[in-house]
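**Q** This is the structure I have questions about; it appears just below.
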């Protein structure tokens, strides 16, 4: 059940923590240590990086379990870490001493040497969600180990474990560890005890090794039900993300990694904000790609596809006298049914690897995993076709299509890629019929010179076209010319075929010869001209791009490129050629197969897109759909304005067979129906007998047609349509919220989803289209195996961990911009995760060590800090809480606005942290609050390390209605945008002044080369609240700036004491308006020794200046030396003179 409104209100009200009844903390010394750590970062110190070596888990482990936890760019600036991470020497020494102890609460078994696919049983509350993807049997080797309870002799320690674990039951003393592919130390019992066992182990003696916990965490999330939309039982507006379905037989690459990373950020963020998040995963049947692979297997067996007609013809062929010959011929053919059986087997054997790889990174609801050829999905495809046909939006027609000879099917315009390639331009003669006189390159010759890049299509020419203004050919318009070599046909008794000379301004008089051969059957532009002038269409090629009988017996059966060479040679022999010249041309190639596409007129099924496109265009123009980034709106408008009808039929066998049945043996009369029974009923109603022969269309639908239904078919369309069930997935989760994908498939998929969604459901399928760029190599070039610059996400996860890859992919990027990725960026982000690990380890091993159970429970963060508690804090704590809340609101706003890269960078770049208060309990409260908030902010970007570490912090018990006490289900630091988080701008400004003062004194020490351990005196001059604040933090200033506590004073600006300090022999530091500091020179340096040093330096500089000046003034130097040498010498002289001037000023200052 979901919570009632009253329950939610009580839960929101409980967000404010009352700390008034807490007892005093242990010792002031502990508070000072914590304050020191917090203050050092505020003073601008740097911290060392502890590098962690690559994980030792096997490659297979990463492949099956680690996978896509994409991550994005290495950010510039200081990492976003609480102050306690950054303490340079002290924190490192303290945490290193604890590592030296090396105690472990739970012994880990060694990483398994091999892993196998885990059994994937996908069940849902409704039977229709059962996946048809084959499951693999599990292979598990279990090892029994003993988990020792955390400090069982210490009551305080056991209470810490309980506070961290959240559940009432203590961790078991003995557990079973499974070497399953999802976990190297996975706990049985559905892994639901993982968080408590993890907390009980502690962080002492551990290091950041992603492979040791990432798979186990994912298994715990999944088996606990954390990915279910109702995992939190909130009543917030659902947030729905349809996952772009990858090819079922594909393998993971960076394109998958980036979309999973970005979508997972959105899913985790909105889930933590209390929304029912449905992230629907699944795979596409990939009609062309899968068929290609199965075809290769068949060819390797020496076989090929055979149609039912061809197989029947062999069976009935009476000319085959030997049955052995008949059997041999039949064995070389693979029938449609046999081919589909092979395709399904191939899918079950090879398919699923991509989802196995995605599973460990994506918090998608795998119980709803879909496949585009699942029964329910197939039902939706058929329903969509029938409805569109009934509305007059699907028709069958003969038009020019892009024909792929290798795939033996039509492909869409979007599946054709053009490349600039070196070719040849062939010049030849079109002889004028009846000896007419034409003006060619040779005056008086009886031909029209024509140029073409494809001589083999001459057999399909139906006209020669010239520009009506071209004086060279005006007198030939209306006459007829003879098609070269057409006498090789048997038509017309072997005489050459003649075609007309027509005129149209479309012809470019400057290109080639100014005369254009028109081939309506094999050129898109010629096809349009042919329709304009009612020219015939001649197809001269077979489906495999061999020449057909229209070319005559001399060329029939030849490959088109072989025929080109032979035809040209024959034309040369016949004296019909002129010349051949090099020519760069745009060559259309199949995106999938790579072969040259052949424009060909063919009978296909089409979708009328003009009206549907107009609706999709208006959805964006009217604001119903938002495109991020907005610059792609112009591209959207341009494409949908000039859209052409969509050819949806494919001459394949793998896919959704078109639901059309032809009546009798011909294909002129047909019926569109949902199944054969319905088709027969319609045929009978149309007057046909009950036993009428029905033959289903052989073609299948374009893969993009079925995937275009993805947003609504995956949630129960059409079966739950208009059924009145408000709790159905279709009612709850459609329309979707955000479609995140690459800009490269904006028209392949996104536009078609919008068109089909609006047409079939009446509403836009989603509200936001978020487009990411392509992942490129570090230098911005396209990743290519040929170039050797491909970064394999599986290898990357294996070496650096999923979080590092995710963070590198997602942060510091702009929507729609390509993403340069290099290993340095990923390594830097692994180092960042390592710092986070060490930070938490230091806190748990030091700040929280020895804390009793009551305080530990009270430290659990259950909501934003309230105003009453905030106002009781000292300045540094108010400052750090204010900056933290400022960050929370900024990150929240950025993600809500889909500025994911900006928000992610902020989670790492936040710099301001301070300390304060002598009470260790208060310091611990702020420390845990900041660290906990940091984990929540960072979780969508680095989910694994934050979840692992969060278990070791004080946590409240699991709430009712939440399936697991997991960080991914915890509340976001700001749940209500209308309720601002508490902060104080005055505290921020005051503490930043204190930071600037600390930095100024530290910088002065460095400039005067003060010995590191020497303490110096200082007089600080300020006024009003600033003076009071600095006095309150004087101990921190003494510690951070290394001041002598007996020689420190804070004076009121304008007072006599302040004037006296200014007049003394001291170095003046101007911090900001109204704040200055004076450092006595006697404390900074030995005056006499400093004078001697400066005099020596001055003498040396004078000699160097004299030498260089003489060189520059030497006769001929300026004239003979190279200009850059002269410029460099003058620059060096100016530098030396500046140094000498500063030295003289310092000497003057010494008196």
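Cβ coordinates are placed from backbone N, Cα and C, and glycine is handled just like the others.
Caution: TrEMBL annotation is automatic and unverified by curators.
Copied straight from TrEMBL:
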COILED    1084-1146  coiled coil
COMPBIAS  1-13  compositional bias 'Basic residues'
COMPBIAS  115-129  compositional bias 'Basic residues'
COMPBIAS  174-186  compositional bias 'Low complexity'
DOMAIN    217-313  domain 'Aminoacyl-tRNA synthetase class Ia'
DOMAIN    331-819  domain 'Aminoacyl-tRNA synthetase class Ia'
DOMAIN    877-1015  domain 'Methionyl/Valyl/Leucyl/Isoleucyl-tRNA synthetase anticodon-binding'
DOMAIN    1086-1151  domain 'Valyl-tRNA synthetase tRNA-binding arm'
REGION    1-20  region 'Disordered'
REGION    110-130  region 'Disordered'
REGION    150-190  region 'Disordered'
TRANSMEM  28-49  transmembrane segment
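On this model, are these features tucked inside or out on the surface, and what's nearby?
**A** Here the domain 'Methionyl/Valyl/Leucyl/Isoleucyl-tRNA synthetase anticodon-binding' (877-1015) is broken down by DSSP into helix, strand and coil counts: 83 helix, 0 strand, 56 coil.
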**Q** Taking the domain 'Aminoacyl-tRNA synthetase class Ia' (217-313) as reference, which of 331-819, 877-1015, 1086-1151 has the most Cβ pairs under 8 angstroms?
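**A** Answer, by Cβ pair count: 331-819.
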**Q** The domain 'Methionyl/Valyl/Leucyl/Isoleucyl-tRNA synthetase anticodon-binding' (877-1015): mean pLDDT?
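**A** Mean model confidence (pLDDT) across the domain 'Methionyl/Valyl/Leucyl/Isoleucyl-tRNA synthetase anticodon-binding' (877-1015) is 86.
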**Q** What does DSSP give as the helix, strand and coil breakdown of the domain 'Aminoacyl-tRNA synthetase class Ia' (217-313)?
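**A** For the domain 'Aminoacyl-tRNA synthetase class Ia' (217-313), the helix, strand and coil counts are 47 helix, 19 strand, 31 coil.
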